[in-house]
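Here's what Swiss-Prot has on this protein:
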- Cys289, Cys292, Cys315, His318: Zn(2+) 2 binding site (BINDING)
- 32-59: compositional bias 'Basic and acidic residues' (COMPBIAS)
- 166-179: compositional bias 'Low complexity' (COMPBIAS)
- 641-650: compositional bias 'Polar residues' (COMPBIAS)
- 908-917: compositional bias 'Low complexity' (COMPBIAS)
- Lys467: SUMO2 cross-link (CROSSLNK)
- Lys900: SUMO2 cross-link (CROSSLNK)
- Lys973: SUMO2 cross-link (CROSSLNK)
- Lys987: SUMO2 cross-link (CROSSLNK)
- Lys991: SUMO2 cross-link (CROSSLNK)
- 28-59: region 'Disordered' (REGION)
- 113-142: region 'Disordered' (REGION)
- 154-187: region 'Disordered' (REGION)
- 234-257: region 'Disordered' (REGION)
- 530-580: region 'Disordered' (REGION)
- 641-673: region 'Disordered' (REGION)
- 895-923: region 'Disordered' (REGION)
- 56-105: zinc finger (ZN_FING)
- 271-321: zinc finger (ZN_FING)
Amino acid sequence: MWEKMETKTIVYDLDTSGGLMEQIQALLAPPKTDEAEKRSRKPEKEPRRSGRATNHDSCDSCKEGGDLLCCDHCPAAFHLQCCNPPLSEEMLPPGEWMCHRCTVRRKKREQKKELGHVNGLVDKSGKRTTSPSSDTDLLDRSASKTELKAIAHARILERRASRPGTPTSSASTETPTSEQNDVDEDIIDVDEEPVAAEPDYVQPQLRRPFELLIAAAMERNPTQFQLPNELTCTTALPGSSKRRRKEETTGKNVKKTQHELDHNGLVPLPVKVCFTCNRSCRVAPLIQCDYCPLLFHMDCLEPPLTAMPLGRWMCPNHIEHVVLNQKNMTLSNRCQVFDRFQDTVSQHVVKVDFLNRIHKKHPPNRRVLQSVKRRSLKVPDAIKSQYQFPPPLIAPAAIRDGELICNGIPEESQMHLLNSEHLATQAEQQEWLCSVVALQCSILKHLSAKQMPSHWDSEQTEKADIKPVIVTDSSVTTSLQTADKTPTPSHYPLSCPSGISTQNSLSCSPPHQSPALEDIGCSSCAEKSKKTPCGTANGPVNTEVKANGPHLYSSPTDSTDPRRLPGANTPLPGLSHRQGWPRPLTPPAAGGLQNHTVGIIVKTENATGPSSCPQRSLVPVPSLPPSIPSSCASIENTSTLQRKTVQSQIGPPLTDSRPLGSPPNATRVLTPPQAAGDGILATTANQRFSSPAPSSDGKVSPGTLSIGSALTVPSFPANSTAMVDLTNSLRAFMDVNGEIEINMLDEKLIKFLALQRIHQLFPSRVQPSPGSVGTHQLASGGHHIEVQRKEVQARAVFYPLLGLGGAVNMCYRTLYIGTGADMDVCLTNYGHCNYVSGKHACIFYDENTKHYELLNYSEHGTTVDNVLYSCDFSEKTPPTPPSSIVAKVQSVIRRRRHQKQDEEPSEEAAMMSSQAQGPQRRPCNCKASSSSLIGGSGAGWEGTALLHHGSYIKLGCLQFVFSITEFATKQPKGDASLLQDGVLAEKLSLKPHQGPVLRSNSVP
C-alpha cells in the first residue's frame, strides 16, 4: 500500500555540471570572515617528542648556574663535574646525551622487552604500566607478605618522588618542591618488572630492607644534600624575595586589586593616599607595605628610597625594625620575634600588663637596670703622683730671636764643682804625671834608638844654651805655683796659650829642686787643669787659693826680662825655693781627660766686649839647668813632637778680662761646651797659628816657628821616616842655638814648612798631594776619633750644661748613658753624682714614629722636660687568688721559713745596689734620689720620654740638653745682619767634630 502511494521522481536528462548558477551565487555572496573558520577548525595535536623542549636554568645537582650539559630526554641539566660519573669536555658525546636516570630507564625498558619476547608476553611488556592489582596477583604466587609490604612502600616512595617532576605535571619548575625533586620520574619501576617470569630473581632482591633503597638511590641523578621543608625557614622576613603568581609568569590578564591596576603605581578611584603626606599617587608613585595596608611615597620615607624595593618591604610603622635591629641575633631568634609581633596587639592588653607590673609588691625576678656609665680611662698612679708631688719648675731660659741666651757666670748651685773637694789629690796627680812621663820617655827612646843618627847626639852635647821663645796669649789667664804651698806676695797677670805643654813648665824649674818635688808640683798643675776650667766664658771666677791651685795676678805685662816671669815688674830669685813657676794650661792628654774643661767660645752681646784675639808678647823662659834628671830632661826633647800631635787638638780658651765685681752680661751661646780642642775659630787661627816672617838676617826664632807652625801640621805615624827626620832636625837646631838659619835647614823641612803655610792660608781649596810628603795619617787617638766623626754624620748632639766634659754626637740610632766604661756617654766625665747608675738610660730613634725617645733603666729615675721617668716599685697583685689548698701550703712554707730565720744567727743581708759599698760617699748636689718623688704607692712611669730639639734632661744632678742637628743647622731669619758683622765666618769655621749651634725656633 505504501509502495503505491510513493510518488515517482521525474528524472530529466539534463547536464547540470556546466551550469552558471554556482558561479553567480559565489559572486553575489557577501564576504566571509576567517573567525568562523578558526573557531571551527580544531588544533592539530602535535606528536609528542622524545625529549623536552626546554631544560632547567640551574644545575639539578648543586642548584647553581653556569655552563650546563642538558639531557636530550628530560629537562635535567648538570655541570660537567656534577654528572655521574664526572665528565670533561673531551668526553662529551657527539650526538644525543642522556643523564644517568634516563640511561637506567632505557636499559630497564630493553630488558623488559627481551623478557617479554621470551615468555610470549610481548603485548604486556609493550604497556607502560600495569595495574596494581595485577602486580599483586603475580606477587602472591611467588612472594610472601613481607615482600609485598616492601614493594608497596617502595611504590609509595616512587610516586612521592615523581609527582612534581613528571612530564605531564603542569606545576612550575620554580616551586620549592620542584627544586628538590624536579626530574624524578619513575625511579623504581617495580610495575614494569616481570615478577612472575622470574620468581627466583625477585626473592633474593628483597631479602634485606635497605636493598630496595640502595637500588633506588643508584638509579637517581646525583643531588646535593638539602634540608626538608620542615627544617627550612618559611618565615617571610623583610628583604626576602616575593613569589610570583602564575598569572604574572604566564602573562595572562587577571583582575588585580584596586591599588595594583597600574604598573607605574598610579591608583584610580577609590584613591589611595600616602600615610605621611596624605597625597595621592599623582605626586609620585606609591609603595605598598607587604605587611600592612599602608602606602608611602619614596621621598616621604626616612631615609628616602632611591628605587622601588624588589623584595618584601616593611614600612617604618612596624616595631620589628627596633627589635630586629640587633647585630648578634640568630635567624631562629629573628623568626620568633617576627612571629610574635606579626599579629596586631590589643591596646587593652598593653594597659593591663603595665598595671600588673606596677602593682607587684614582690616580683619574682626584679632586675635592677644599671645606669650606663661613661667610658673612662684609668689614670696610672705615676701620673697621679706627678700632680701630687710636682717637681720644681725649670728656670725659664731667655729666648730671643730664636737663640738661646744664657749667663756666663755659673750659678750658686754649680759653684760646688769648683771647690777643692772635687779636685784630684796629690797622690793622684803624682801618679798621673809619672805615668805620662814614663810613656813619653819610652816612646822617645824607642824612636831614637832605631832611626836617629849618632852625630845628632854628639852635636846635642856640644850645645849648651837653649833660648826658646814662646808666643803667649794674653787672653788666657793662668796662675803661678809655689813649692811651699804659699802664694807670693806680688800678683802678676800671666797669659799662657793652650799650646804650652808640660815640658815648658818643667824646663823652668830651679837647679836645686828635686825630681820628686818637680813631679808633684807639675802634676798638681796638670790635674788642676783637668778639674777646674782654665778660664770661664764671661770672666774669671774667684776661687780659693791653695798651694797647688790657681793664682790670679793683676800687674800689667810690660817687662820682658828673662829673669822675670812674663809681664812681671818684680824680679824673682832664681835659686829661691819660693820662686813661682808658670803653670801649664793643659797636659798633653787633656783632650781626652774626663773632667777637663776649656773655655767656651761665646759671642757677647755688648759691642764693647772683650776681644777674642788679644795681642801677643814674647816671653823668654830660663834655660834648662844641667841638674835636671834625664827623665824630665828627655821630655823637652819631645816638645816638637807633642806640639804637632797635642797642640793641634787643644784650642786656646777665650776669657773675659773684666774685673770680678762687674755684673755678668748675658751672652748668646754659639757653641756648646766642648772638649779640649774644640772652639778654634778660623778668624783667630790665621792670627795665632801663622808662621812669622823671617828677620832681616834670615833667622827665625825656634819657639815661634815650632809653636806657630806646628798647630796645623798634618800628623804622621810615629814610625814614619819623614816624621823622625823632621823631629830630629828641628830638635837639633833648636837645642844648639836660640835661632835657626834657613840656609842650614834641610830641603825637605823647608818644603814641609812651606806646604804647611799654604794649608793655613787656603785650608779648603788646596789639598796636600799624597806623594809629596807621605801618607796623611794621624798619630794620636783623638785625631782618629775626629776622622771617624767626619765620616759618620751626627744625628743629634748631647750637650752638658754644667761646663764639664764635652758634647757627644749621636751618630747612630742608639746612645747609651751611664757611668759604665762601655757607655756612649760616660757620666763620670761630667761631674760626680751619687744617684746615677752604670746603665742609666738609652736614647734611641724610632723609625716608625720618626722621633727620638729616651728609655730609663735606673732606679733613681730620669727627668725629661720636668717630667720624671722612673721604675714601677708598686706591689703587683696576683690576677686570681690561689685556691684554699694552695694558700694553706704557702702559709705553711712561710711559717717554716720564718722559723728557720729565727733559729739562724742574724747576719746582715746583702743587697744589690747601684751605690758604692764601703767608704763614705762623696756629697753631690742632689738632696735625695728622684725616685723619692714618686709617692707612697711607688708606681713610677716606665714609658718612654719623647725628645724634641732642646729637650732638658736631668740625670741626678747632671744636666744636659738634647739637640737635633736638622733643626740646629737651620739658620734663623736674622742671619742677614750677622753676615755684615762677620759672625757667619765664625760659624762656618767650626770644626767637623764640633756640635751644631743650639739655635732653633722649636726650643721648648
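From the backbone N, Cα and C atoms, a Cβ is placed for every residue, glycine too.
What Swiss-Prot annotates, mapped onto the structure for a quick look.
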| residue | record | Cβ contacts under 8 Å, 6 or more apart |
| --- | --- | --- |
| Cys289 | Zn(2+) 2 binding site | Leu295, Phe296, Trp313, Met314, Cys315, Asn317 |
| Cys292 | Zn(2+) 2 binding site | Cys315, Asn317, His318 |
| Lys900 | SUMO2 cross-link | none |
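Broken down by DSSP into helix, strand and coil, the zinc finger (56-105) contains 9 helix, 4 strand, 37 coil.
Compute the center of the Cβ atoms of Cys289, Cys292, Cys315, His318, which mark the site for Zn(2+) 2; besides them, the chain residues with Cβ within 8 Å of that center are Asp290, Tyr291, Leu294, Met314, Pro316, Asn317. In the structure as shown, the Cβ atom of Cys315 (Zn(2+) 2 binding site) sits within 10 Å of 20 other Cβ atoms. All protein chains considered, the CB of His318 (Zn(2+) 2 binding site) has 18 other CB atoms within 10 Å. When DSSP labels each residue, the zinc finger (271-321) comes out as 2 helix, 6 strand, 43 coil, counted as helix, strand and coil in that order.
Note on the zinc finger (271-321): mean pLDDT across this stretch is 90.
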